[in-house]
Amino acid sequence: MRLFALLPVLLGLISSHFVSATDNGKTTDVTWDKYSLSVKGERVYVFSGEFHYQRLPVPELWLDVFQKLRANGFNAISIYFFWSFHSASEDTFDFENGAHDVQRVFDYAKQAGLYVIARAGPYCNAETSAGGFALWASNGQMGSTRTSASSYYDRWYPWIQEIGKIIAANQITNGGPVILNQHENELQETIHSADNTVVKYMEQIKAAFSDAGIIVPSTHNEKGMRSMSWSTDYQDVGGAVNIYGLDSYPGGLSCTNPNSGFNLVRTYYQWFQNYSSSQPEYLPEFEGGWFSAWGGSFYDQCSTELSPEFADVYYKNNIGSRVTLHNIYMVMGATSWGQSAAPVVYTSYDYSAPMRETREIRDKLKQTKLIGLFTRVSSGLLQTQMEGNGTGYTSDASIYTWALRNPETHAGFYVLAHSTSSSRAVTTTSLNVNTSAGALTIPNIELAGRQSKIIVTDYQTGDGSSLLYSSAEVLTYATLDVDVIVFYLNIGQKGEFAFKDAPTHLTFKTYGNSKVSSAKSDHGTKYTYCQGDGTTVLKFSHGVLVYLLDKETAWNFFAVPTTSNPRVAPSEQILALGPYLVRTASVSGHTVSLVGDNANATSLEVYTGNSKVTQIKWNGKETPTKKTAYGSLIGSAPGAEHAKLSLPTLKSWKAQDTLPEINPDYDDSRWTVCNKTTSVNSVAPLTLPVLYSGDYGYHAGTKIYRGRFDGVTATGANITVQNGVAAGWAAWLNGVYVGGAIGDPDLAATSAELEFTSSTLRRKDNVLTVVMDYTGHDQANVKPNGSQNPRGILGATLLGGDFTSWRIQGNAGGEANIDPVRGPMNEGGLYGERLGWHLPGYKGSKTATSESPLDGVSGAAGRFYTTTFKLDLDSDLDVPIGLQLGASADAPAVVQIFMNGYQFGHYLPHIGPQTRFPFPPGVINNRGENTLAISLWALTEQGARLSQVDLVAYGAYRTGFNFNHDWSYLQPQWENNRGQYV
């Protein structure tokens, strides 16, 4: 490493607080010091959100998400690259087909104006199957994972080389958006020794990324305050990264008890001082929500986790702790479609994130925007020292304060919240602050329950104005033709502010319903008001314009960047107020053009700072425009409240048997013979031959086994199956149901003793068929072998005889990846899946019946239902559409939903909780024909049926974003070559 001066130092003006920046010896485009990260020589507050492109398999929608994040104050995204998604078999990698084309991730991020933090593992966790390890490698052949073992290294190294080259080409040094690269994921350094295998592993990763050409700084994410790992400032014996990070999920919230948890962690600052004091404080994963497990609560029920108060209190607490790199996990969770989920989650990965699984903006994201826009312009926040903290700063000891000070500009940032952060008390207090004008007491600061405020002092608000202090929170400011300051408060709360070095005899005019008064003080004129409903604007005689917004009005305020640079200067913004979303804004001649979305028609106020601009265009159409006395433009933005959303009733179903393998005479001669007597897996099988599905090249989805034996003396069989928690299975002897297990959300493996009767036995060629559901491969923390815990049958013992043979069938082609667009985890081994009945273009057999899923099946059996329907939504609408299912919880069953070939729903009605399954545009055709397929098999003789199968709309938005593409490249059609996989 080497040191160089980050900022030019004027002779004779060298500050005692000057800190040189550190680089990694490979590039000076990204540097750091103990305060913040710098990109291209400028400090930046990294306000980032976690997004997983694999969970939204429509590349065009990545730009939709990125634009929404940029509009809501984010300047970066953090992205996992899952090895499992790109590698179906050893030495094969797909970075081209459909959503596997990761170059588009980088291109869209750059277009939207977002930095990228790359996280390629090789292990990722992320509640994805096998934690992101390629499933072909997760059958045990990696040996001792996450160590320096050669068996592991030989498998992950090619992955890092392939994805690493793409990341390298998109580094900021090459004009791309990548500024940081993470090594591994939450890997604890429990033994600080250069000879330790985990330390050697981290050195291997460092070398591998370097071999791939990556030169931006490296990072890692500590798994909570559980160990001290990979910091150059603490027992560095090897494997350390450039910038240490700490993951934290402190909420402790409950979906069923809104009064639980909500306890802030106030020890981050000390932790970073102890273990990474020379580096900026970085939270690579901070709670944006939490995942939900099989049998738990659905995300929409988790009101506390979804609350905007969570974002307000927790994210501001991080600012008070001096964090300047802040990544929210997840900012949008999306969907664990196909067989990509780890067993700990069901299909939805909504995560209670600020952005809904359906790409809709929650109030939680709107509140987060208030913080993001503040950090964007608050340059003084990027170089602060901890002046103090505790309950002694306010007149009420129930309030806790963080006090930060910029040693060069002397700007102060006081972050207030209730000392008992879960408190719902409404408290009014005064705050003692230090300013350039001396010590002051700011009165009448009200904190509602679960509210936090950032009080600023000596805060620059433009080229010609500064605030001496303000008890109203700063949302943002802009330096346009005049300095524009935007404040926000809850309705009814009092605000007070004073300018620094303002002209004497300053006057102002008020536009709006908040009454503002001025009074002389020892430190100039102070302005006080009580926040009314909506917007009030103050126009001061020295040119400054002040917007006073109530909080919920502020949720619909946008400071739209006029640059694609993630670092936005206060002068590079157009201010807009009113709509649900403003994506972009630009000025041409006399017109300001805005592109955005609206659910309901709203007013639209725009401030450009350009007196020549007299006309507003919204989504390409002029809107009647008038000019206000303070220089803004007023128009309107239409909504979708009157849009006709006519979703068809699903009918004209075709049904076929999807478990013909139950029939003992079914021809399985093309199936894979299970004849191995040893396994690559270190977990020994309970019986032989080995019946682990991974040993035979079948990894994701349903598996079917057929065991044979002769004679009539067998009384039963002991079968143990392991296919993930909640995964059930069923068995048939010679076509007769003999038992199984319905699945348990607490058990990954289940056993059953199947009972045979003489009437079901044959003298020759008895066939035991075992069909099993699959909920994913485990993550690394699951004993005994983590991501390599075997799947399939662990043991099969015939009582009163011996099996003579076993065969297995899984997804069509196994590791061949015969559908590279949808990828290696989309399909399982059900007969209908293998033959492609779920794919567009499949017309159905002549023997298909007209039954629907509402008819269901009698007894332990399975059916595959298909239908088609057309949608013709307005071209300027974004309508998230899903499928609502219902079924009795007393009839155990396994249901899968396929939309245009994509498995976008795994429904277990007896376990739950998910019953509604959304489809993004591109998976569903909002303007065109769609193929819907549903597989249903009953786990018991009770049979099963669905009680509801309906298309539903989550919302409707008039939009300027183009959702009308030819999606055919994402929806390969059925081909008449699937018969080989019977």
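Yeah, the Cβs are placed from backbone N, Cα and C, and that goes for glycine too.
Feature list (source: Swiss-Prot):
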SIGNAL    1-21  signal peptide
BINDING   TYR80, ASN125, ALA126, GLU127, ASN185, TYR249, TYR351  substrate binding site
DISULFID  CYS255-CYS302  disulfide bond
CARBOHYD  ASN274  N-linked glycosylation site
CARBOHYD  ASN389  N-linked glycosylation site
CARBOHYD  ASN434  N-linked glycosylation site
CARBOHYD  ASN600  N-linked glycosylation site
CARBOHYD  ASN675  N-linked glycosylation site
CARBOHYD  ASN718  N-linked glycosylation site
CARBOHYD  ASN785  N-linked glycosylation site
(request) If we count other C-beta atoms within 10 Å, could you say which of the binding-site residues TYR80, TYR249, TYR351 has the fewest? (result) TYR249
(request) Please tell me which one of the recorded positions listed here (ASN274, CYS302, ASN389, ASN718) sits closest to ALA126 (substrate binding site), measuring Cα to Cα? (result) CYS302
(request) Could you tell me the maximum Cα-Cα distance in Å between the residues recorded as binding substrate, namely TYR80, ASN125, ALA126, GLU127, ASN185, TYR249, TYR351, rounded to a whole number? (result) 19
(request) Tell me the Cβ neighbour count for GLU127 (substrate binding site), meaning other Cβ atoms within 10 Å of its Cβ, over all protein chains shown. (result) 23
(message) Just to be sure I understand the packing, how many Cβ atoms besides its own are within 10 Å of the Cβ of ASN675 (N-linked glycosylation site)?
(response) 12
(request) List the same-chain residues at least 6 positions away in sequence whose Cβ sits under 8 Å from the Cβ of ASN274 (N-linked glycosylation site), in sequence order, or say none. (result) MET228, TYR234
(request) Take the Cβ of ASN600 (N-linked glycosylation site) and count every other Cβ within 10 Å, whichever protein chain it belongs to. (result) 15
(request) For each of the recorded positions (ASN125, ASN185, ASN389, ASN718), count the other CB atoms lying within 10 A of its CB, then report the residue with the highest count. (result) ASN185
(message) Going by DSSP, is ASN785 (N-linked glycosylation site) sitting in a helix, a strand, or coil?
(response) coil
(request) Kindly assign ASN389 (N-linked glycosylation site) to one of the three DSSP-derived states: helix, strand or coil. (result) strand
(request) Take the C-alpha atoms of ASN785 (N-linked glycosylation site) and ASN185 (substrate binding site) and report the distance between them in angstrom, rounded. (result) 18
(message) Please identify, from the recorded positions ALA126, CYS302, the residue with the sparsest Cβ neighbourhood, meaning fewest other Cβ atoms within 10 angstroms.
(response) CYS302
(request) Would you identify the secondary structure of ASN274 (N-linked glycosylation site) according to DSSP, in three states? (result) helix
(request) Whole-number Å only: compute the distance from the Cα of TYR351 (substrate binding site) to the Cα of ASN389 (N-linked glycosylation site). (result) 32
(message) With every protein chain in view, what's the tally of Cβ atoms within 10 Å of the Cβ of CYS255 (disulfide bond), excluding that atom itself?
(response) 21
